[in-house]
């Protein structure tokens, strides 16, 4: 599978080199336009006809279908319930569809403050209340503000390319844009499965070439203690 060939490299440098060979835009693409408040894509960027026109080669199917979701920062203050402002953007099931969507939405460095961009397996909603996520938790990596673009891409490629030994445990990933830092998290299904969580955390650091310690928090603890929730596992 094309995407598997893309991300079999275990270092960020090797991965970056191979990505350019699969990405239709490559490294010579123009910079994204500036983002308006609460915007994730331009008016016509995700028009279905534009996406269809880009899929000119024989498609390379992914093992799972995935859905991008977006939480608009300008809508959050108007919602009484957490997660009520999250909306699906597009569901993709091939390598070509992934690149068509990825190249036409703003990357983390271009998103507005307090925006959240998700990529989850199809039919799994990025919410604690989703039955698949309810008993899970998350690994989190922190980046300086505006420096998470590569980490986000490498995380996406590792997930959709099924490069994690315990990939069945993964629900999806989210990048949170906050003041002073960006946070990328991988959500998993069974927080109590320590061996699986340890494997995911260790491999994720290898894919990102990330040397600092990262922590895993149970969703139940996050709901109870919010920002004061403590890490249960470390990698």
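From the backbone N, Cα and C atoms, a Cβ is placed for every residue, glycine too.
From the options 52-55, 56-59, 60-63, the stretch Swiss-Prot describes as region 'EIF4G-binding' is 60-63. For the region 'EIF4G-binding' (154-163), the model gives a mean pLDDT of 98. Summary for the binding-site residues 110, 178, 223: the Cβ-based neighbour count within 10 Å is maximal at 110. The Cβ of residue 133 (disulfide bond) lies under 8 Å from the Cβ of 124, 125, 126, 127, 171, 187, 189, 219, each of these being in the same chain and 6 or more residues away along the sequence. Secondary structure of the region 'EIF4G-binding' (60-63) per DSSP (helix as H, G, I; strand as E, B; remaining residues coil): 0 helix, 3 strand, 1 coil.
The Cβ of residue 181 (mRNA binding site) lies under 8 Å from the Cβ of 142, 143, 144, 145, each of which sits 6+ residues away along the same chain.
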